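Undergrad: According to TrEMBL, the protein carries these features:
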SIGNAL    1-19  signal peptide
DOMAIN    25-129  domain 'Gnk2-homologous'
DOMAIN    133-235  domain 'Gnk2-homologous'
TRANSMEM  251-271  transmembrane segment
């Protein structure tokens, strides 16, 4: 997933607060490979075939993975989608199709991409990532510190108890929920992970939360093949907001940074030219 980090860093810069009732199409993060394919190339046809399969699969399943090599067998494209465990079939289908409709805005002509929304996750690429574990941290966010400067011991204990239930695998399956007192927690693994891989991934996500969000009222940690989050008193604070607004802010940041880098390059070139002229 290292090739996706460039956009993931940019996407995490805009921080906003929302409630636990966020729409399932709320934006969480997106990542794009730096390698691009040529429009109209055989690889693009493989990508389009794969994405069509993902769209079809979402009409009857909450998870599926596919491999597309229908045009060029030597350049296969791998992909999968996953919906949050509590979504209805119709909402899952809508979430996946909405994600597919946004891919060209996030990652135009890229060889690989990953998009995480509140309710679903989609990834494709030219590397065979399906079935492999991945505990690399893609996004980590902590909510505000509790009033008074920190948790009291009771609330901290509730948080740790809720998270411990997720990591232990006691609740079973890839979609897990937990609660202790006023603290709720949730985790989910991508459907291609074994029970052990899922347990290991969720345990790693929980460890990230406990280390980074010691006194925060909420937090989330998204790893390569799972995520975990917790919140208090029915309110979840996250980096998610209205999808359209978030996309605009993310793209604006990317464009701004690219423009800044371009200006630096031009300025350095000018200085070098001026230095060479002085020597003459």
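Placed from the backbone N, Cα and C atoms, the Cβ positions cover glycine too.
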Undergrad: When secondary structure is assigned with DSSP, how many helix, strand and coil residues does the domain 'Gnk2-homologous' (133-235) contain?
TA: 34 helix, 34 strand, 35 coil
Undergrad: What is the number of residues in the domain 'Gnk2-homologous' (25-129) that are helix, strand and coil, as DSSP sees it?
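TA: Final tally across the stretch: 34 helix, 32 strand, 39 coil.
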